[in-house]
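Marked as region 'Disordered' by TrEMBL: 1-24. The annotation compositional bias 'Basic and acidic residues' is assigned in TrEMBL to 1-18. According to TrEMBL, the transmembrane segment annotation covers 34-59. Under the heading domain 'Peptidase S26', TrEMBL lists 39-198. The active site feature in TrEMBL is assigned to Ser69, Lys112.
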Amino acid sequence: MLKEEEKNSGPLKERNEEKTDDADSAERSWLANAALFFLELVKIAVLAGITIGVVRYFIFKPFYVEGQSMDPTFHEKEYLIIDEITYRFNEPKRGEVIVFRAPTVEKDYYLKRVIGLPGERVKVEDDKVIVYNNDNSTGVLLEEIYLENVPTPGQTTITLGPDEYFVMGDNRKASFDSRRFGPIKKTDIIGRAWLRGWPIDRITLFEAPVYNF
């Protein structure tokens, strides 16, 4: 019996070693697959971060509204997405709502509506806005349907240079704008209000309004 046990002990040991080798191989394979999977996740995260960064800093930028200068069009703490790419290829249009660097406070931004374009003369008088340009040398009264008959107080006349814009808030009685600080330069414009993303019941895509001239 002793001899028979000795004969069988060799193959049994080999089979145990084979099982151990198979287990080690399976573990190494699992670790290798896990490492590859983790590496793919890292790649995806890096690419997603780069994409978000490009979109965030070069195409669209989020802002939220502070103050009441654009009431009733925009309310305080509403969340806006600003289109930063359009003005790299096109000029701002009358009526578009833009974000620009504040001319009086460093690192602040203002949200206002474009009223006067480069080369035009804008007059604010008797609660009205009159625009003079090549097509209207005698002036034309600016009809702003989005104001709902809100008067424009103040008295000023400004002739805009080739790269200047006259801007005002829709809440004309409570807006600090070109009537006070004068025209703004195109180089100070960050972009145009493209989307209101919050609150949900006021989600809106914005387009320039149609005027009477």
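Each Cβ is built from the backbone N, Cα and C atoms, and glycine gets one as well.
Keep in mind that TrEMBL annotations are predicted by a computer and have not been checked by a curator.
Within its own chain, Ser69 (active site) has Tyr110, Leu111, Lys112, Gly169, Asp170, Asn171, Ala174, Ser175, Phe176, Asp177 as residues 6 or more apart in sequence whose C-beta sits under 8 angstroms from its own.
If you draw a 10 Å sphere around the CB of Lys112 (active site), it holds 23 other CB atoms from the protein chains shown. The secondary structure of Ser69 (active site), as reduced to three states from DSSP, is coil rather than helix or strand. The average pLDDT for the domain 'Peptidase S26' (39-198) in the predicted structure is 89.
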